[in-house]
Amino acid sequence: MDYQGILNVIEDKIQGEKLQGNVASYIPELAKIKPGKLGMHLTSVIGEEFHFGDSEERFSIQSISKVFSLTLALLKEKDEIIWERVDVEPSGDPFNSLVQLEYENGIPRNPLINSGALVICDILVSHLDNPKKEYLEFVRRIAGNATIDYNERVAASEKEEGFNNRAMINLMKGYGNIHNDVEEVLDFYFDTCSISMSCRELAQTFVMYANQGKLLKDQKRVLSEVHTKRINAIMQTCGFYDEAGEFSFRVGLPGKSGVGGGIVAVYPNMYSVAVWSPKLNEKGNSTAGMRALELLTEITGSSIF
Ligand code: DON
């Protein structure tokens, strides 16, 4: 498959379509990003690399980090304990919604919405001596890249404004589903969201989920096949909040978005792909990112469906 040729076609089409959207502004630091950025990088499971545009520029991965948090939690805690505290159903609601939490006794619908990720962060705080340090070490290990880091300004900016997340975690604390100090868990959650990575780095990290849980460089297993299947399944059904159905319908791959404008998608046993364009639709997903991935599966004529 001529992936580079296909990526070039996608770049041309996206530039021509002039897709609209708004840069996330509820985290003030994110509002400073230039809206016209566009990059894409595809890493195949045999180690080929294809890319265009701003694919090497780092951006705030935001909710994409929820996949790393879940991965680390699955390595640290028994499945039955995790899945008692977080469900695996699509929410059909926005990423920061509180409504279901009260009806459902403080049990979040899934680990890829904010409430679910907060519970996962609580589990990590219980298991890690130094959550911030060990989390970063883990991300660096699966990325094979020791330069990946938090963006302290982004984390601080969200800490000042994160009223919804603060409401959510306190509600769950009331239901007994947060075991640690709420401010400690919130701080850690904001740190995880603040990690900066480029499309290249994201694609090279997520290829593990396309490679049955093994790192590409040495084929060392990080995740079991069952955990890899489950994470991909949760990305498929829950990775885009109330747009998970639309993403499946248009793209047909498991994936995860973030309000920094990044989207990663995984084609098991084939490739991982990351795209970045900061203009978001009203659901908080990158407009051009979704379109680029739709074009990828349409032009290649293959998706998991
Ligand atoms: O907690 C928040 O609202 C952000 N740190 C992350 C939200 C996010 O990326 C949702 N994604 N589309």
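Backbone N, Cα and C atoms are what each Cβ position is placed from, and that goes for glycine too.
The feature substrate binding site is assigned by TrEMBL to SER63, ASN114, GLU158, ASN165, TYR189, TYR241, VAL259. Counting only residues at least six positions away in the same chain, the Cβ atoms of SER63, PHE95, ASN96, ASN164, ASN165, MET168 sit under 8 Å from the Cβ of ASN114 (substrate binding site).
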Greatest inter-residue Cα distance in Å for the substrate-binding set SER63, ASN114, GLU158, ASN165, TYR189, TYR241, VAL259: 20
Chain-internal residues near VAL259 (substrate binding site), provided their CB is under 8 angstroms and they sit 6+ positions away: ALA24, ILE27, LEU30, SER60, GLN62, SER63, LEU280, GLY284
Listed binding-site residues (SER63, ASN165), ranked by Cβ neighbours within 10 Å, top entry: SER63
Listed binding-site residues (TYR189, TYR241), ranked by Cβ neighbours within 10 Å, top entry: TYR189
